[in-house]
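Chemist: Here's a structure for you.
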Amino acid sequence: MPGPWVAMIMLPQPKESFGGKPIGWLFWNTCKGPRRDCPHCCCPICSWHCQLCFLQKNLGINYGSGPRRRGTRGKGRRIRRTASGGDQRREADSQRSFTNMDQ
């Protein structure tokens, strides 16, 4: 299993801020193994716990799966009728077809 590691991210800054020197962020990963036991707290110490915590808690970036979306209506599902307007329309259509057959 992989042990703790340290990652440093260097970000360039404009010349006006901090004397034009790049800012480095240091991440300590104390999570051991593929399963991460990160704290659920969002305090400043826990949000800088590892790179994953920083992205999710500080920046709000979550690459995990979102909520499941429902699919579109399939052919087998019933469509609900509204009131009795549809029935009246069917009766009128059936009466028209009978009058056309008589002629």
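Quick reminder: no glycine exception, Cβ is built from N, Cα and C everywhere.
Summarising the annotation, Swiss-Prot assigns region 'Cysteine-rich' to 38-53 and lists similarity to another entry as the type of evidence. Summarising the annotation, Swiss-Prot assigns region 'Core' to 54-67 and lists similarity to another entry as the type of evidence. Residues or ranges marked as region 'Disordered' in Swiss-Prot: 63-103. If you look up Swiss-Prot, you'll see 67-81 marked as compositional bias 'Basic residues'. Per Swiss-Prot, the feature motif 'Nuclear localization signal and RNA-binding (TAR)' maps to 68-81; the stated evidence is similarity to another entry.
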Chemist: Mean pLDDT over the region 'Core' (54-67): what is the value?
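Modeler: On average, pLDDT over the region 'Core' (54-67) sits at 74.
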Chemist: Taking DSSP states H, G and I as helix and E and B as strand, how many residues of the region 'Cysteine-rich' (38-53) are helix, strand and coil?
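Modeler: Final tally across the stretch: 7 helix, 0 strand, 9 coil.
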